[in-house]
Ligand code: CP
Ligand code: NVA
């Protein structure tokens with residue numbers, strides 16, 4: 001590939017129009033697939049996937065998505081690569097670009113992701129860092145649109161921990177014009193770069209502590225695990241975050257038509273009860289499915305293909 005590679009690292013690297021184009025493509029690819037049609041947009045292209053941490057959805061959806069587009073994948077575990085013996089991310093990016101057509105990586109350090117992308121001459125896709133999970137939030141936006149139409153102007157409540165999924169939602173709120181209220185405990189307030197992005201989002205995002213206030217009248221309620229990959233204080237988190245559990249009482253404060261989202265994996269009984277995650281407002285399995293369609297659109301975009 002010539003020119004600057006089309007990396008997909010953070011939602012706020014993009015304009016609204018670019019992300020809108022990817023979502024439109026995702027909806028179109030999903031509808032084609034449901035008709036049994038699999039456009040071979042990435043025929044014979046090879047995607048390398050590097051996992052420094054566990055994954056079910058990201059791993060399977062990228063693998064299946066690439067195959068549906070006519071391409072192939074190589075699955076790599078970070079600790080079986082020379083990365084585990086301190087080969088730099090930049091050198092890894094340089095070398096892998098000589099073999100494969102694109103790289104997807106799940107790695108905790110966002111700085112490491114950026115370093116890999118800096119060395120790579122092929123597109124690099126963020127499959128989750130401690131800072132951001134942009135593929136997840138693209139699937140979430142797609143899911144909201146399928147169920148309720150445009151998210152612009154809608155009231156979105158985030159309840160729980162300040163983490164990577166929240167960070168990408170803050171970026172999405174700014175880019176898609178929704179009204180995001182974030183309820184997190186003082187003890188787990190956002191770190192500086194997330195706080196800076198909340199400020200940058202202006203009227204589209206606000207931070208409070210009270211989960212009831214955040215959920216009141218919301219069109220969409222979102223939570224995630226209280227213990228993300230890389231967190232070491234699980235017991236303390238469970239104690240502090242207990243008042244932020246999404247149960248039927250908390251959901252009843254939202255709009256009666258509100259949706260419930262969780263990126264999964266869920267820790268049932270911690271951040272969400274069975275009644276809510278298995279209840280009629282929950283769209284968690286659609287979010288999981290839409291990882292496939294949204295990522296196919298992201299992959300196509302990375303190869304310069306923006307419409308069918
Ligand atoms: N939501 C998500 O990224 O799931 P996995 O960790 O299973 O990939
Ligand atoms: N916030 C979670 C998301 C898992 C998909 C984590 O980083 O572990």
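Cβ atoms are placed via backbone N, Cα and C, with glycine included.
Sequence annotations record features per position, and here TrEMBL assigns domain 'Aspartate/ornithine carbamoyltransferase carbamoyl-P binding' to 6-146.
All protein chains included, residue 55 (carbamoyl phosphate binding site) registers 17 other Cβ atoms within 10 Å of its own Cβ. Taken from TrEMBL, the feature carbamoyl phosphate binding site applies to 55, 56, 57, 58, 82, 106, 133, 134, 135, 136, 263, 264, 291.
Here the domain 'Aspartate/ornithine carbamoyltransferase Asp/Orn-binding' (152-301) has a mean pLDDT of 98 out of 100. Marked as domain 'Aspartate/ornithine carbamoyltransferase Asp/Orn-binding' by TrEMBL: 152-301.
Note: residue 228 (L-ornithine binding site) has non-local neighbours 130, 161, 163, 164, i.e. same-chain residues 6+ apart with C-beta under 8 A of its own C-beta. The L-ornithine binding site annotation in TrEMBL covers 164, 224, 228, 229.
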* Longest CA-CA distance among 55, 56, 57, 58, 82, 106, 133, 134, 135, 136, 263, 264, 291, per record bound to carbamoyl phosphate, angstrom -> 31
* **Three-state secondary structure, which DSSP defines for residue 133 (carbamoyl phosphate binding site)** => coil
* When you measure from each Cβ to the nearest atom of ligand 2, which of the binding-site residues 55, 82, 164, 228, 263 fall under 6 angstroms? -> 164, 228, 263
* About how far apart, in whole Å, are the alpha carbons (Cα) of residue 57 (carbamoyl phosphate binding site) and residue 229 (L-ornithine binding site)? -> 15
* Please check each of the binding-site residues 224, 228, 229 and report the ones with a CB atom less than 6 Å from an atom of ligand 1, ordered along the sequence. => none
